[in-house]
Amino acid sequence: MLIVLSVGGSILAKNLDPKHFSAYASALKELARKHQIVVVTGGGVAARNYIDVARGVGANEVVCDFIGIDITRLNAQLLIAALGNTAHPEPPTTYKEAESALASGKIVVMGGVIPGQTTDAVAAILAEYLNADMMVIATSVDGVYSSDPREDPNAKKFDVMTAKELVGIVISTEMKAGSKSPVDPLASKIIERCNIDTIIMDGTDPQDVLEVVLQEAVKTDKVTGVRLGTRIIG
């Protein structure tokens with residue numbers, strides 16, 4: 001099974017802790033024993049800090065995006081270092097390069113690709129391009145809610161939802177000042193378009209990601225919920 005995993009920078013590189021990179025590497029190695037794995041890493045706090053400085057000195061948003069992409073690739077290189085010879089040695093910089101890297105039989109780790117695309121959007125486009133069997137978005141929340149749970153104490157968590165429902169929630173949440181959706185609008189639209197089996201889950205503990213993916217990869221019933229997450233169905 002080919003699995004694309006999007007790991008947010010705030011999850012993977014929150015404190016730039018070597019032990020956390022190593023823990024993620026261990027989980028990925030275990031997954032790779034049975035599956036092909038492609039990982040897209042985010043930029044996290046470091047990317048936001050650099051982008052803030054860039055804006056402060058007058059850089060436009062495209063330049064800021066390129067800076068963010070550079071940071072995502074640094075995080076990718078750190079994870080590659082933790083994976084050792086089980087990983088393709090360089091992070092691909094295009095979708096075609098990622099496809100070629102898969103032929104190595106190793107875990108492929110990459111960062112951003114082009115300005116205007118978030119980590120989740122890159123992962124969704126990549127999953128569609130590669131005809132992946134599953135996409136997992138490892139984020140800082142345990143699934144999709146009816147509204148931002150940080151802002152609304154009555155927010156309801158979905159165990160299972162359609163891609164169309166996801167798009168609606170993402171758009172309505174993003175329109176509210178200060179609220180943040182679990183994925184960005186472009187990623188949600190790509191998920192809807194390509195109809196890929198998608199899980200959005202809390203990725204703080206890489207062992208949780210390992211457990212959920214191993215369980216879901218062998219399920220024949222793809223309309224049931226998942227622990228620590230939300231399943232997106234067509």
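For all residues, glycine too, the Cβ spot is worked out from N, Cα and C.
When the candidates G43, G56, G84 are compared with the UMP site entry in Swiss-Prot, which names D65, V113, I114, P115, G116, Q117, T118, T119, the shared residue is G43. Note: the CA-CA distance between P115 (UMP binding site) and Y145 (ATP binding site) rounds to 28 Å. For the ATP site listed in the record, the two most distant Cα atoms among G9, S10, G44, R48, T139, Y145, D148 lie 25 Å apart.
The Cβ of D148 (ATP binding site) has 18 neighbouring Cβ atoms from other residues within 10 Å, across all protein chains displayed. The binding-site residues under consideration are G9, G44, P115. Their Cβ neighbour counts within 10 Å are lowest for P115. In this structure the alpha carbons, written CA, of Q117 (UMP binding site) and G9 (ATP binding site) are 14 Å apart.
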